[in-house]
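Okay, structure first, notes after.
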Amino acid sequence: MKVYNTLTRKKEEFIPIEPGKVKMYSCGPTVYNFFHIGNARPFIVFDVLRRYLEYRGMEVTFVQNFTDIDDKVIKKANEEGVTYDVIADRYIKEYFTDAGGLGIHPATVHPRATENIGEIIDIISGLVEKGYAYQSGGDVYYRTRAFKEYGKLSHQPLEELEAGARIDVSEHKEDPMDFALWKAAKPGEPSWDSPWGKGRPGWHIECSAMARRYLGETIDIHSGGIDLCFPHHENEIAQSEALSGKPFAHYWMHNAFLNIDNQKMSKSLGNFFTVREAAESYGYDAIRFFMLSAHYRSPLNYSREQLEQARAGLSRIYSALDNLRFLQQNAAAGEMTEDERQSTQTFDGWRSKFCEAMDDDLNTADAVSVIFELVRAVNTVAARPDVTAAYAQAALAILSELCGVLGIEKPEEQGADDSEIEALIEQRQTARKNRDFKEADRIRDELKARGIVLEDTPQGVKWHRA
Ligand code: AMP
Ligand code: ZN
């Protein structure tokens, strides 16, 4: 598999440190609010990367943190008159609700910054000892100029980064480009004991600490949105590599922005939709499918039309899957026909095409096209009156396999009781057999009122939700 590495600005063959094992770290959300569709993009994209690596037989250890202490969390807590952890707990819970809805598998570990204060202090102490960090008042800063490779991820020298950055000037810093590793406690803010007095960690240090604790000094893949490249990831590299003297991550992967009206969706601009809101309109599965319709390094524009298109695309896939499931139960038993056998002989080819797309820097857009082509091919064979259950089963297996890699799964229809609907369909069949057409029509109308559409096929009655 080839992946685009921001560090080298090239597509490179992905070679894990230890064959068959992958260590992956992705920057997670700051938990002070529901997450928006822009935030959902890295969560979905890197969930797909993880699923694909696992599909290709690798064992993936995936760490995604929760930033549970920062200015925004504290502000929200103060507004509500509660402690920071009440806010963090609430939005971590909401994260799992939305992430679950989006079909994002839980990471191997979801550590919180505040559970890793010991590790953070340990790293800062090491940096101070080595001369990469200094105490100033109750703060500790990273001495950016001491790390000669600073800027290697952004491919810009320190001077240019400095000119372009909005720098937090402080009289405590030796240099405007230095950044806080530890912040002295302020009144009304949560704080922890440290060798520099009471305080709390800066943002960048938490990822260096959690990556080291859960994955080790050198990891395979570090990922996040492109906005994190500078300064966050640049600072993570400076912290981790200055301390260990080893490369921090071999591959740096960044997703492009999710835009709205061609502007980055962000909380600070106020132009965002939460995943929760969008899911109410289109369904979680359509949001996921929409994200996969573009390559992760291409900007993606959020619009009603795009989401509706995703919904329609998903319906095509779902109805193919439903149809195959139905035929598997109800179509003719016995050997496949010659046409069917020929069709199944093309399945390996579809799988290879799918993998070829995914191997090319996770080209989910092309992988989705392969699924649509497969759906079309399978639908044609499955529409024949002599279709066999054996064919349906084989087609269902390949289609489910490829959909599963992307996490395309029909959500459980909540509140629906399928057995009750099937019982009503049975009753209608009996009524028809007894030529009680009035009763049969009554049941059909009742089902219709419940949003159930019936279809008579050579293999029996099929139903779906409208
Ligand atoms: P945050 O909670 O702001 O730290 O963001 C969590 C993740 O979402 C990070 O990986 C960000 O890079 C990413 N992110 C935020 N906004 C967008 C956006 N509009 N498009 C794509 N990724 C984004
Ligand atoms: Zn991070």
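Note that Cβ sites are derived from N, Cα and C of the backbone, with glycine treated the same way.
Of all ranges given (189-193, 264-268, 359-363, 414-418), TrEMBL attaches the label motif ''KMSKS' region' to 264-268. In TrEMBL, the annotation motif ''HIGH' region' applies to 29-39, one of the ranges 29-39, 315-325, 447-457.
Same-chain residues that are not part of C27, C207, H232, E236 yet have a Cβ within 8 Å of the Cβ center of the Zn(2+) site turn out to be W203, H204, E206, S208, H222, G224, L228, H233, N235.
The CA atom of H232 (Zn(2+) binding site) is located 18 Å away from the CA atom of K267 (ATP binding site). Screening the binding-site residues C27, C207, K267 for a C-beta under 6 A from any atom of ligand 2 leaves C27, C207. Within the domain 'Cysteinyl-tRNA synthetase class Ia DALR' (353-415), the DSSP-based counts of helix, strand and coil residues read 44 helix, 2 strand, 17 coil. Among the binding-site residues listed (C27, C207, H232, E236, K267), C27 have a CB atom closer than 6 Å to some atom of ligand 1, in sequence order. With every protein chain in view, the residue among the binding-site residues C27, C207 whose Cβ has the most Cβ partners within 10 Å turns out to be C207. There are 18 other Cβ atoms within 10 Å of the Cβ belonging to H232 (Zn(2+) binding site). For E236 (Zn(2+) binding site), the count of additional Cβ atoms within 10 Å of its Cβ stands at 27 [all protein chains shown].
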